Amino acid sequence: MRIAQLRSDPENLIQVMLTKGCHGMAAVTAVDVARARSAVAEQAPLVQCLTNSVVQTITANALLAAGAAPAMVDNVHEAAAFAAIASGVLVNVGTLDDAKAQAMAAAAASAREHGTAWVLDPVAVGGLEFRTRVARELLEHAPTVVRGNASEVLGLAGAGSGGRGVDTTDGVDDALEAARELSARTGGVVAVSGVVDVLVHAGRTVRVPGGHVLLTRTTGAGCSLGALVAAYAGAEPDPLVAATAAHLHVALAAERAAARTDGPGSFAIAWIDELSAVDAGALGEAAGRLA
């Protein structure tokens, strides 16, 4: 991939790729992810976050760092109205109760009605009856993207009993069939997070390697990824491109942060800094790892 050309003349690079063919290329290209990153930076998508109480601050900070605008509008009286005007919506069932479930259903229904991209993060689904039922009901509102670990995706699809709390006990490849089934059912992207993230949509599959183990030692990193997927989906019309770009953005920022920190505390701060520093050119350069 000609990165200098990508930076200076992306439209011409697209034409070159079409002329010469794209054999052996990933379903999502450097041009795609660079375009998506630029769209987030330029549009500052407004992201409504109905997320869990543990991760509110890091989620908002991650969105701000990436150039998006967070809005933690999660009460049942306002959730639907806000989803109608937001660029993207995150529904994260991490700390679920009856009131939150009602607000999430209202927001998801409104997002679908008004064409707002929305992301379902089925935290710890499969092992607990209440959240599993709520998450499966939310699927009826056709999420643009479902993002979870392998055990959560299996549990959501009815093919597993969940992981160890929020931690997966299954491998990414174990959840691929379930991910494809969910994608066919919803019409949206299903992203399975792991050592190598795998995203599926409409017969296309993308693998995103990279990141760093310190992400798993940082409270809210995965939940923030869900919010960033919503931001990208609110700015980029192709949901697979949007979700892939968000995953790659998080992975690259984590690698950069880990290279200059000593442990999880300093990493969490550096990761926010690096989410801000990763621009379209850097994301395009990193896209060579996509498969």
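In case you wondered, yes, glycine gets a Cβ from its N, Cα and C as well.
Counting only same-chain residues six or more apart in sequence, the Cβ atoms lying under 8 angstroms from the Cβ of Gly220 (substrate binding site) belong to Val54, Val55, Thr57, Ile58, Thr59. According to TrEMBL, the feature substrate binding site maps to Met72, Gly220.
The ATP binding site annotation in TrEMBL covers Arg147, Ser193. Within 10 Å of the Cβ of Arg147 (ATP binding site) there are 31 other Cβ atoms, across all protein chains.
In this structure, the CA atom of Met72 (substrate binding site) is 24 Å away from the CA atom of Ser193 (ATP binding site). For Met72 (substrate binding site), the number of other Cβ atoms no farther than 10 Å from its own Cβ, over all displayed protein chains, is 15. Its Cβ placed at the centre, Ser193 (ATP binding site) has 28 other Cβ atoms within 10 Å.
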